[in-house]
Amino acid sequence: MPFMTASSPSLLQRLKSLSLVTQILIGLIAGIALALFAPEAAKGTAFIGKVFVSALKAVAPILVFVLVMASIANHKHGQETHIRPILFLYLLGTFAAAVVAVIASMMFPSHLVLSTDNIAVSAPGGISEVLQSLLLSVVDNPVSALMNANFIGILAWAIGMGVAIRHAGDTTREVLGDLSNGVTVIVRVVIRFAPLGIFGLVASTLATSGFGALIGYAHLLAVLLGCMLFVALVMNPLIVFWKLRRNPYPLTLQCLRESGITAFFTRSSAANIPVNLELSKRLGLHEDTYSVSIPLGATINMAGAAITITVLSLAAVHTLGIAVDIPTAILLSVVAAICACGASGVAGGSLLLIPLACSLFGIPSEIAMQVVAVGFIIGVLQDSAETALNSSTDVLFTAAACLGEEQKAQRPA
């Protein structure tokens, strides 16, 4: 039969020939369909999602350690990196996100029905405690840092070892480069399983949680997600345009599509580091720069966390009828930005830093912790959107700074 030739591609071959983003989209649609039509079967797919997230989390610490160490060890004298402008963009973006959240919360105030149930969690006592936590993370034992995915400690040791090995022989540096390439190959294999992992995560999450619990907090969620969308689609492109002086949307949308989607479903900036490193490589960015800025961004570039802290804190303020003047709102933006930068150093992330911001308005800890409880209830969407914004912004600002510096170097003197 002439139409049944050996050259006809099978369904599996056709799927393999599609881009990773398209495969992820198919996995996403399949996960939603399974949760809708066979919820019991969908619950069983949770294991696939857990395996994928665990694999990403397992490979991320060693990848960052080896990649940064190899990058610094093989860095040639006189070769430029663009870390300083990226750091500036990270801080500017986080502060801008906090300002957007303050304005949105003033325009569309949210009111909460605060629960009387107390959650037994411990929040940091002040900004100094968050900063102390970060400093202690820097001087953490290297083995402990790798085991616990303490990326501040991993970065500190990788930079220190890289600087020390720069003075070693060429053979040592070549071995380190080969080791880095080997880890990168493993990462690529893990990322190829993203469509299956996201299928499992989406199907099991929708089947077990659903979105019924979120209906009561629709207004609060609308403000939170609206702020995050505004920052992702308006504020960040404005910052990129200021840096590149050209249409920022092709780059912005590529970062959201290829980094934001996986981050949304894994809900982990650390797990998304390998995805961002791979995207940076495909964009042709400076390896010595992105190998440091991407893991650093996963720790301190927290626009989504700044929005969460600000919106939920001001929701508590509006609920209690506390008046907020402009200077206090500006101070809240600064505090939220600083807290957000320390969110990765606190177990529970941005939600447990809400009492710290609430303390600006004299809100007692008991009430602030009830606001944290609300945060946990809406966490299905809030945490996913926050991580997607945080992680996609890491690679967006890295690309903007690298491309901007390249443009500057090419301009005639």
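We count from 1, first residue shown onward.
Placed from the backbone N, Cα and C atoms, the Cβ positions cover glycine too.
Looking at 196-216, 385-405, the stretch flagged in Swiss-Prot as transmembrane segment turns out to be 196-216. Outside the transmembrane segment (52-72), and at least 6 residues removed from its termini, the chain residues within Cβ reach (under 8 Å) are 145-146, 149, 151, 154-155, 157-159, 161-163, 165-166, 173, 176-177, 179-180, 183-184, 186-187, 190, 193-194, 196-198, 200-201, 266, 268, 270-275, 277, 287-288, 291-292, 295. Residues 89, 92-93, 96-97, 100-101, 104-105, 108, 110, 214, 247-249, 251-252, 256, 260, 303-304, 307-308, 311-312, 378, 381-382, 385-386, 388-389, 392-393, 396-397, 400 of the same chain lie 6 or more positions beyond the ends of the transmembrane segment (221-241) yet place their CB under 8 Å from a CB of it.
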